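According to Swiss-Prot:
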{"type": "TRANSIT", "residues": "1-35", "note": "transit peptide"}
{"type": "BINDING", "residues": "57-87", "note": "FAD binding site"}
{"type": "DOMAIN", "residues": "378-413", "note": "domain 'EF-hand'"}
{"type": "BINDING", "residues": "Asp391, Asp393, Ser395, Thr397, Glu402", "note": "Ca(2+) binding site"}
{"type": "MOTIF", "residues": "568-577", "note": "motif 'Microbody targeting signal'"}
Amino acid sequence: MRGFTYLSKVLHSHSSYSKLLVLCSVSTGGLLVYAESNVESGKQVVEQNQPESKKKRVVVLGTGWGGTSFLKDVDISSYDVQVVSPRNYFAFTPLLPSVTCGTVEARSIVEPVRNIIKKRSGEIQFWEAECLKIDPVNRTVSCRSGINDNLAGHNDFSLQYDYLVVAVGAQVNTFNTPGVMEHCHFLKEVEDAQRIRRTVIDCFEKSVIPGLSEEERRTNLHFVIVGGGPTGVEFAAELHDYVYEDLVKIYPSVKDFVKITVIQSGDHILNTFDERISSFAEQKFQRDGIEVSTGCRVTSVSDHFINMKVKSTGKHVEVPYGMVVWSTGVGTRPFVKDFMEQVGQEKRRILATDEWLRVKGCSNVYALGDCASVDQHKVMEDISTIFEAADKDDSGTLSVEEFRDVLEDIIIRYPQVDLYLKNKHLLEAKDLFRDSEGNEREEVDIEGFKLALSHVDSQMKSLPATAQVAAQQGTYLARCLNRWDQCKSNPEGPRRFKSSGRHEFLPFEYRHLGQFAPLGGDQAAAELPGDWVSMGHSTQWLWYSVYASKQVSWRTRYLVVGDWVRRYIFGRDSSRI
């Protein structure tokens with residue numbers, strides 16, 4: 001007892017160094033004590049009106065996966081970091097489908113940006129505002145606050161930068177399909193998930209009103225998901241569980257009218273996954289009564305009907321619906337389009353960067369995540385330059401030894417070469433020099449070298465628009481900036497084939513750590529490195545553990561796990577809030 005009294009006095013006298021959180025568990029009578037230390041809190045928060053810093057200024061646009069991972073790793077002792085985002089929180093977007101049905105609450109998957117900044121001793125400045133324009137010539141960004149206009153002060157401001165990190169994500173791409181913006185729900189933001197949740201309840205409440213015909217009830221309870229990718233499939237699975245585990249118990253009179261349909265333009269859902277997972281998902285959806293319409297393209301959406309074209313027959317079909325969720329396509333934000341025009345990328349669909357995440361056409365601007373794509377160099381475009389650099393004796397032929405000396409740099413600069421060698425089971429450089437009949441060759445001329453590498457570029461793959469890619473890019477860029485001076489004097493990248501010397505940094509290399517597809521009924525599918533595929537109930541528990549561990553803070557980790565436990569015990573809430 002004396003020890004507890006002493007501890008209480010210590011905590012009370014040093015409140016700036018620790019927090020005490022006491023959580024009483026009603027169901028078990030247990031007591032959990034959680035102490036969060038803050039050894040850095042003695043430092044003063046940097047004020048906005050501080051004297052001008054001699055440090056280079058890095059302006060970060062966005063607080064998604066790319067921006068947040070960058071903020072967590074960048075060396076703030078070397079850079080003056082300033083963040084601009086229209087939302088003052090980071091959202092764990094892979095759990096948005098769970099938010100739509102109340103499996104997880106919205107506040108459980110968000111972490112305030114200022115909490116993240118606080119852990120960096122408060123030396124990062126944040127402004128809740130939207131970027132309107134990037135001026136790469138004068139190195140400024142124009143911003144506007146969306147906070148209540150009735151409050152005093154102006155809303156527009158601009159920031160100068162030495163380095164700009166564009167990590168604003170993407171908006172929905174409707175492919176100019178008529179009626180999509182007016183009548184469809186999307187699933188990109190937390191607010192989208194909350195609107196979907198309210199609409200689902202609206203559909204059920206409207207369907208139990210007296211006097212409606214059976215046809216009207218069926219229409220109201222027909223939920224259509226456009227897009228058979230991971231987001232669409234996971235939402236369909238979550239919705240199915242929500243309906244048949246919770247809602248039919250409180251709306252028993254309309255349980256027979258519920259229908260869930262997934263419309264996919266391709267031949268299979270989850271077509272970016274292993275074929276075994278795609279097949280497993282389709283079979284499970286069939287057992288669950290979820291209709292999967294593959295080979296169909298939506299042509300328009302009206303207030304009560306969705307029109308689609310069946311590719312195999314060319315017929316147009318009109319389908320009544322109660323709610324449509326559009327979960328396909330990645331679009332570019334307006335100010336990013338304007339920026340692309342300024343840097344000569346107006347003909348591209350998405351912002352292009354090089355392998356070091358530098359935006360092409362301008363200097364000191366980097367782009368991460370869904371708003372950009374890495375434009376990889378093709379080997380065949382540089383084949384002559386590579387040959388000349390490797391031919392040290394200027395003999396006009398390339399020996400196996402000469403090629404072996406530059407192969408490591410080639411693989412780093414052109415990762416598709418490594419993929420080609422592995423896929424063709426070519427273990428050594430000499431294997432690549434074999435002629436069409438399989439005979440070994442000690443040397444090749446330029447034409448033979450072109451022939452040897454002619455199929456390499458077919459291995460090039462664009463990076464998927466996932467949280468995993470954006471997070472790795474943010475970490476990579478932060479580490480590059482942290483080691484800027486060191487790598488400028490001692491380059492660590494591959495050799496420059498078009499000039500002398502070496503690149504300062506290694507190019508970004510994405511490491512695929514696997515992907516999950518929750519399929520409802522406490523079953524999931526996973527595709528993990530090493531061609532390992534797992535499906536079933538055990539995979540769902542693996543999904544729980546991985547997603548809990550990937551939360552950005554202990555606070556959100558506790559809240560998410562608590563929501564999962566609450567759902568198991570009490571079910572999902574059906575209140576329209």
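Cβ from N, Cα, C; glycine included.
Here the binding-site residues are Leu61, Val81, and the one whose Cβ sees the fewest other Cβ atoms within 10 Å is Val81. In sequence order, Ala470, Ala471, Gln472, Gln473, Gly474, Thr475, Ala478 make up the list of same-chain residues 6 or more apart from Ser69 (FAD binding site) whose Cβ falls under 8 Å from its Cβ. Separation of the C-alpha atoms of Asp73 (FAD binding site) and Glu402 (Ca(2+) binding site): 39 Å, rounded to the nearest whole number. The number of other Cβ atoms within 10 Å of the Cβ belonging to Asp393 (Ca(2+) binding site), over all protein chains shown, comes to 9. Of all the binding-site residues listed (Asp73, Asp391, Glu402), Asp73 has the fewest other CB atoms within 10 A of its CB. Computed over the domain 'EF-hand' (378-413), the whole-number mean pLDDT of the model equals 86. Using a 10 angstroms CA-CA radius around Ser85 (FAD binding site), none of the binding-site residues in Asp393, Ser395, Thr397, Glu402 qualify. Distance noted between the C-alpha atoms of Asp391 (Ca(2+) binding site) and Trp65 (FAD binding site) is 44 Å.
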